[in-house]
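Heads up: the structure comes next, in structure tokens.
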Amino acid sequence: MEKNPDDLAAHLLHATANDHPDAHLPAGLRTPLHPEVVDRPDEEKIAAISKHFRAIMLELGLDLDDDSLAGTPHRVAKMFVQEWFKGLNPAHRPEVRLFENRYQYQQLLVERDITVFSACEHHFVPIVGKAHVAYLPGQHVVGLSKLNRVVQYYARRPQVQERLTRQIAEHLRLSLGTPDVAVYIEADHLCVMSRGVNDTSSSTITSDYSGKFLEDNQLRNEFLRQIGK
Ligand SMILES: Nc1nc2c(ncn2[C@@H]2O[C@H](COP(=O)(O)OP(=O)(O)OP(=O)(O)O)[C@@H](O)[C@H]2O)c(=O)[nH]1
Ligand SMILES: [Zn+2]
């Protein structure tokens, strides 16, 4: 039985300010958030982060009066709030628009090579990679760009790749109203490449298969073939 794709939209519509922004996801998949800070306006967050980052730069011994460095605390704060971590703000959660599947397209649909820019939550350095997502349409098809937008929404947070993969898969299952979803992410972690073990050649692969992708090896292999694996 297909779940009504309006369920997620209805839930989000009725979510109150006190709800966790990931309240639609199972508890273990929610990004750990501090309840009092989530609702602060962007301008307040940028001002506070800017102040703290300035202190970090001073501790490093940098001259904040230098004309090239003077604006850096504000630049970094703006980048964190409005770009790198914009997925922490539920105002940026994409609306997943569905269309009636009048043409009865029922084969595999793959959106491949979706750019992933994220950040490792342990070291706050970039995770860069590609996501490949697929689903089997039922009564509805999704506007293609919404698949990219869902990936980007969850990527633009401090992350671990496993949770990112599972959040995307769960969100797609809910919003598409089908369990037949596959998510595959391959990414380079700057925390592994540029420090610690300093390994510039290893990369990390994660995947999430559900519904027919779990039951049907042929379908899963076709997905993997289509993404060049
Ligand atoms: N499971 C998982 N681990 C990650 C991810 N990104 C980074 N890590 C790891 O998080 C771990 C943090 O381990 P710690 O031992 O606390 O940190 P550390 O001393 O900086 O570790 P090293 O990187 O080994 O120097 C490291 O092993 C990282 O490689 C991710 O997406 N998933
Ligand atoms: Zn890291």
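Glycine is no exception: its Cβ is also placed from the backbone N, Cα and C atoms.
Any TrEMBL annotation is an automated prediction that lacks curation.
The feature domain 'GTP cyclohydrolase I' is assigned by TrEMBL to 49-227.
Marked as Zn(2+) binding site by TrEMBL: Cys120, His123, Cys191. DSSP assigns Cys191 (Zn(2+) binding site) to a helical segment in the three-state reduction. Annotation for Cys191 (Zn(2+) binding site): same-chain Cβ neighbours under 8 Å, separated by at least 6 residues, are Cys120, His122, His123, Val125.
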Least buried of the binding-site residues Cys120, His123, going by other Cβ atoms within 10 Å?
His123
Determine, for the Zn(2+) site, the additional residues of the same chain whose CB lies within 8 Å of the mean position of the CB atoms of Cys120, His123, Cys191; present them in sequence order.
Ala119, Glu121, His122, Phe124, Val125, Ile127, His189, Leu190, Val192, Arg195
Please report the DSSP secondary structure of His123 (Zn(2+) binding site), reduced to three states.
coil
